[in-house]
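Input: a single structure, listed below in structure tokens.
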Amino acid sequence: MTGRAFAIPLRTRFRGITVREGMLVRGAAGWGEFSPFAEYGPRECARWWAACYEAAELGWPAPVRDTVPVNATVPAVGPEEAARIVASSGCTTAKVKVAERGQSEANDVARVEAVRDALGPRGRVRIDVNGAWDVDTAVRMIRLLDRFELEYVEQPCATVDELAEVRRRVSVPIAADESIRRAEDPLRVRDAEAADVVVLKVQPLGGVRAALRLAEECGLPVVVSSAVETSVGLAAGVALAAALPELPYACGLATLRLLHADVCDDPLLPVHGVLPVRRVDVSEQRLAEVEIDPAAWQARLAAARAAWEQVEREPGP
């Protein structure tokens, strides 16, 4: 397999970053993406490598649907921009980032209100906190924001125990993201009755097949989301969503517009709120426009691959 590194600016700061970097790898089955965030060490990156290898060399399970419903993603922007993002998305569900650095509670309320107004009464609004609140703040803010009829609240607090306590104290469903994808034991969310919904992301979980196994073991409704990837990475998320037996919620896979560019001539963009289930091919010209020196990413990939091989050699529980 050969790899090529990329760096693509984001339109708006997202998860504290302004540029999305990674590596695209081509194998017998097609293209795979390896794009763990900068703070992740080799052991955490190992699962991202496994997902990339699966996409490039093994391919994905057969789909059970041809399209995947998706939500608009609204970063920490002002209310006017939030409304514009939703109106131009074609989606009837929106996920709104709240509790971001530099944003006040008043900013969050105004953003969620603007999204609700843009969607109308039949649209669905969910918020994503990325674990930023403590329990009491979470309970207070969820009750405050639920006047906009929240579909669910994603990762209001950082720990599983906190999620469980918040879930007991509010009526809005709770979704777990970081407590699944960054956990040594992702099933603890289920065992602690800490969530109503689980958010699964292909790269952090080690691939489509690994995520399907986790979904089956967990037994909770699943939302598939992206890790702010190019169309290559998004195609893996679409493959997971397409292979799930049930898909009760819109998925967080319409994130390509967060990037200033893509690597495909035919990018994975939603039409009328859905994404098609398909592989993508990388455009040589578009990749060349965002390509960077691969040395640092080759080193990260090699370390992740070595860590994955070590994990594979370890005895099971």
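Here the Cβ of each residue, glycine as well, is placed from N, Cα and C on the backbone.
Keep in mind that this is a model prediction, so the values were computed, not measured.
Swiss-Prot names Glu154, Asp177 as Mg(2+) ligands; from the candidate set Asp128, Asp134, Asp196, the record adds Asp128 to that same site. In the three-state DSSP reading, Thr73 (2-succinylbenzoate binding site) counts as strand.
The recorded positions near Asp177 (Mg(2+) binding site), taking a 10 angstroms Cα-Cα threshold over the set Asn71, Ala72, Lys95, Lys97, Asn130, are Asn130.
Under the three-state DSSP scheme, Lys97 (active site, proton donor) falls in the strand class.
DSSP gives Glu154 (Mg(2+) binding site) a strand state.
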